[in-house]
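S.K.: Pasting a structure here, questions to come.
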Amino acid sequence: MAAKTYDAGVKDYRSIYWEPQYQVKDSDILAVFKVVPQPGVSREEAAAAVAAESSTATWTTVWTDLLTDLDYYKGRAYAIEDVPGSDEAFYAFIAYPMDLFEEGSVVNVFTSLVGNVFGFKAVRALRLEDVRFPLWFVMTCPGAPHGMKVERDLLDKYGRPLLGCTIKPKLGLSAKNYGRAVYECLRGGLDFTKDDENVNSQPFLRWRDRFLFCQEAIEKAEAETGERKGHYMNVTAGTMEEIYERAEFAKEIGTPIIMSDYLTVGWSAHTSLSRWCRKNGMLLHVHRAMHAVMDRNPNHGINFRVLAKILRLMGGDHLHSGTVVGKLEGDREATIGWINLLRDRFIKADRSRGIFFDQDWGPQPGLFPVASGGIHVWHMPALVSIFGNDSVLQFGGGTLGHPWGNAAGACANRFALEACVQARNDGRNLEKEGKEILTKAAQTSPELRMAMETWKEVRFEFDTVDKLDVQHR
C-alpha cells in the first residue's frame, strides 16, 4: 500500500530500504556492491542508500510517493557481509523487483544499478561486484548471434582451441601491406587474424580498402591450406548508419566474421549489431577496449564479471577475457570464473572464483573466451591448460615478432598448440611438463625452435591489482 501520510524532509534510508528479513524471489534481479561508506555512516544506512538511489528514491520525501506502491517497486538491501582483509569496505546485497526494468534492455538495468548512485555522497567508494539475472530477463535478451557450436560447424574445426593474431603495428600500415600480413599469418597456420580495437577508418587505412585486401588474403590462404580462415573486420564507427554500412559490405564480399568494440561503441549500438549478425549469418568478435577504466580499481567501478555477463546478454561470439599469463591484468581464479560465465549454461555461486550468485543462462549459447595480450609460444602449455578447447588464443607480437617473419611465427604457434593438445590428450600435465613438451616438439619444427629462443627471457611478472577478496585454499 502507498504511504498514508506525507512527511517532508531528508529521508532516513535505513528505515525504508533495509530489510534483512526479505526473502529473495526467483524473479528478482540481484546485485552485490562493495561499499566504502563515509565516516559516521552506518553499514545499514549506506546499504539502504545504495538500494534507494539505484531504484525508486530521491533525497527527500515527495508527495507523489502517495500515488504509487513504493513498497512493491523499491530495491531492498537484504544482507551485509564483511569484505575479507578490509576494515572499511563491506558487501551490500540488494534485490530489485522485476517490474523496475524494461524487458531485454541491459541499458535500462544498468542506468539504475550504476547510475547516479555512484556519485552519491553517503559512500566514498562503490563497486558493482556481481549481478544475478533471472531467467525471465535472460530470455528477453538476444544473446550470442551463433555461439561456440555453430561457429565450430561453420569453420569445421574441432578438438582444439582456435588460433588468432592481431595485426601489428596496430596503426600506420597501408591497406595492401595490412592484407599481406593477414595472408602470411593465415597461410602459416592461424585460423583468424584481427583488426586491433582502434583500427576503424583512418586516412592511411580506409575501411573499404582494408576489407577488400583482407578478404583477398583470406581467400588466397584458404585455397592454399584447404582450411576455413577469417579476419575480424572491425566495423566500429562513429554512427550506427556507418556501422551497418561496413557490416553489409563485409557480408557482400563474403567475410565470415566482423568485430565490435562493445564498450566504446555503446551498449545499444552493440546490441543492434548483434541482432544484425544473427539475421545475416555473421560471426561477431567482441573487444573490451575501455574495460579497465571501469573494472581495475578494486574499490570503485564495475567488476569485469559483470561486464562479461552484460556482453553475454547483448550478444557476441568471442570476448576478450584476459590471459592470466600475459601482459594484461587478470587474477587466475577470477579469470577462470569469467571463462565459466561466458561458456557454461549454468554457473553455481563460487566465492573462490568471485562468483556470488548462481546464474542460469537457459538456452542462450556460450561464446568463446579470447586470451590475448603479451602471449607467446612459451605460454602455450598454460593457456591450453587454463582455457581448454573452447577458446581463442590470440598471439599478436608473439606471431609477428618472429625473426623469420609472420608465416614462421604463425607456424610456430600452430605447432606448439598441436603439441600441447596431443600431450594433454595423452594425459600429461601441461603446466608442469610444458617446457619438455615444447622442447621435444621443436626438434621437428625449426620455426618453433627459433620462437622459443627468441622469447625465452620474456616475462610479465607484475602483480595483479584487482585481486579476489578471498583467500585461495
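Placement of Cβ uses the backbone N, Cα and C atoms for every residue, glycine included.
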S.K.: Have a look through SER55, SER201, SER352, SER372 and flag the one Swiss-Prot assigns to the substrate site that ASN116, THR166, LYS170, ARG288, HIS320 belong to.
M.R.: SER372
S.K.: Taking THR166 (substrate binding site) as the reference, which of LYS194, ASP196, HIS287 (the recorded positions) have a CA within 10 A of its CA?
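M.R.: Final answer, ordered: LYS194, ASP196.
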S.K.: If you measure from the C-alpha of ASP196 (Mg(2+) binding site), which of the recorded positions ASN116, HIS287, ARG288, HIS320, SER372 fall inside 10 Å?
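M.R.: Cα filter at 10 Å returns HIS287.
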S.K.: Out of the recorded positions LYS168, LYS194, GLU197, HIS287, give me the one sitting nearest to HIS320 (substrate binding site) by CA distance.
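M.R.: Result: the closest of the recorded positions to HIS320 (substrate binding site) is HIS287.
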S.K.: When you average the Cβ positions of LYS194, ASP196, GLU197 for the Mg(2+) site, which other residues in that chain have a Cβ within 8 Å of that mean position?
M.R.: THR166, ILE167, LYS170, ASP195, ASN198, VAL199, TYR232, ASN234, MET259, HIS287
S.K.: Express the distance between the Cα positions of SER372 (substrate binding site) and HIS287 (active site, proton acceptor) as a whole number of Å.
M.R.: 10
S.K.: Max CA to CA distance in Å over the substrate-binding set ASN116, THR166, LYS170, ARG288, HIS320, SER372?
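M.R.: Greatest Cα-Cα span of the listed binding residues: 37 Å.
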S.K.: Residues with Cβ closer than 8 Å to the Cβ of LYS194 (Mg(2+) binding site), same chain and 6+ apart in sequence?
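M.R.: Once residues fewer than 6 apart are set aside, LYS194 (Mg(2+) binding site) is near GLY164, CYS165, THR166, ILE167, HIS231, TYR232, MET259, HIS285, GLN394.
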